[in-house]
Amino acid sequence: MAFEKTRQFLPPLHFVLFPFMAQGHMIPMVDIARILAQRGVTITIVTTPHNAARFKDVLNRAIQSGLHIRVEHVKFPFQEAGLQEGQENVDFLDSMELMVHFFKAVNMLENPVMKLMEEMKPKPSCLISDFCLPYTSKIAKRFNIPKIVFHGVSCFCLLSMHILHRNHNILHALKSDKEYFLVPSFPDRVEFTKLQVTVKTNFSGDWKEIMDEQVDADDTSYGVIVNTFQDLESAYVKNYTEARAGKVWSIGPVSLCNKVGEDKAERGNKAAIDQDECIKWLDSKDVESVLYVCLGSICNLPLAQLRELGLGLEATKRPFIWVIRGGGKYHELAEWILESGFEERTKERSLLIKGWSPQMLILSHPAVGGFLTHCGWNSTLEGITSGVPLITWPLFGDQFCNQKLIVQVLKAGVSVGVEEVMKWGEEESIGVLVDKEGVKKAVDEIMGESDEAKERRKRVRELGELAHKAVEEGGSSHSNIIFLLQDIMQQVESKS
């Protein structure tokens, strides 16, 4: 109530949101936009036309419900940066070299965005920017407004990055990329290899310059929003908040703002399967009998590895949903699925989704009893929020951090056994890391009837209940949104 009373005596807050052009970054940012708009904040999302089209339907429903959200388009300078037309999203890139060009294009957005901001009404009160868009720091400075960073990762990961950026000597002392080390001052004893942590010392050349810009912009930002909740990783939230002088607001799981079926089904993109067809298939299966398999929107595993995954799923003799991403690998895999007889042999107990999956809708169905995931933070949270135990198959980035949080700290899943980081564009040379027996073993471990499996399921269900409580009135995440808005209101008031 105190917040609402304060709200009446000030001009409306206007937050400008800058999502990075990658599906895993855009999805939670759109959720954050809706959560803030539900509190009476005017929201402007700045993105490119291609990326805006991905969340058009979800936002249109939000706008029709009375929320003050608008989307401003800026042209993506693909040609000037050496990219092909349509390469406006990381989904369409397949190498680290192209990513360098992509970041070059991103930084070219500074001037058109500056002009856009000059014309915005009402005057922006605050920027929320993805960590990967350091140019927004210059925008915030130019207009004398606070910039809040959104990373899209866990506090577990953020704390490890914060500590290691200030203790470079630990990584420099390692004799090889495969040698394990402990992160000092960490709440739990967790070992990493050098490549399993996302720190700027792992990069050189153009990539080091990109990372330096991002870290510097992060260090000078006003604060950080994290898509997590207090009861999930309390020690890491506490330590990271202290490291950032208190300006950290954990407001997740933001996915829980998706209440209706359409929002769940279309979160991130239009689903490649009819919602009713998907639900009908799940309704025909026993409770907790289905394994859901999705390795993310940027999975470039070689065909040989995908074949082993498929054969492992077949060997489990359990019903499964397998999401197969688009692109070149899809055509190769689709050919194998058809010609090898895999689809025919498993058709009575499998559902293959070729493209974007209605993941939230699937995970929240009672028939789903396990989730084989790449450990992207969005997917990790969606699985935990739905009370579904996880099988971890990390590929790169923060995903190895998330695996260790899931398996070692939360004890909410089991690892499929992957410890080697996939280097973008070099997947074929890495080859097969998990054979079909390894896949079957992990699935049986997570979905079996051992005491450990039962305890794990109980633990994940409890975490799922805590996730829902966090976003309800009086919950930690619900309260943190109020604290965030009060903080920004005080900033506005001090300048008026």
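Note that Cβ sites are derived from N, Cα and C of the backbone, with glycine treated the same way.
Since this is a predicted model, take the numbers as computed values, not measurements.
According to Swiss-Prot, the UDP-alpha-D-glucose binding site annotation covers Ser297, 357-359, 374-382, 396-399. When secondary structure is read from DSSP and collapsed to three states, Gln359 (UDP-alpha-D-glucose binding site) falls in the helix class.
One residue stands out among the binding-site residues Ser297, Gln359, Ser379 for having the most other Cβ atoms within 10 Å of its Cβ: Gln359. Following the DSSP three-state reduction, the secondary structure of Glu382 (UDP-alpha-D-glucose binding site) is helix.
In sequence order, Val153, Ser154, Cys157, Thr198, Gly376, Trp377 are the residues of the chain that are 6 or more apart from Asp398 (UDP-alpha-D-glucose binding site) and have a CB within less than 8 Å of its CB.
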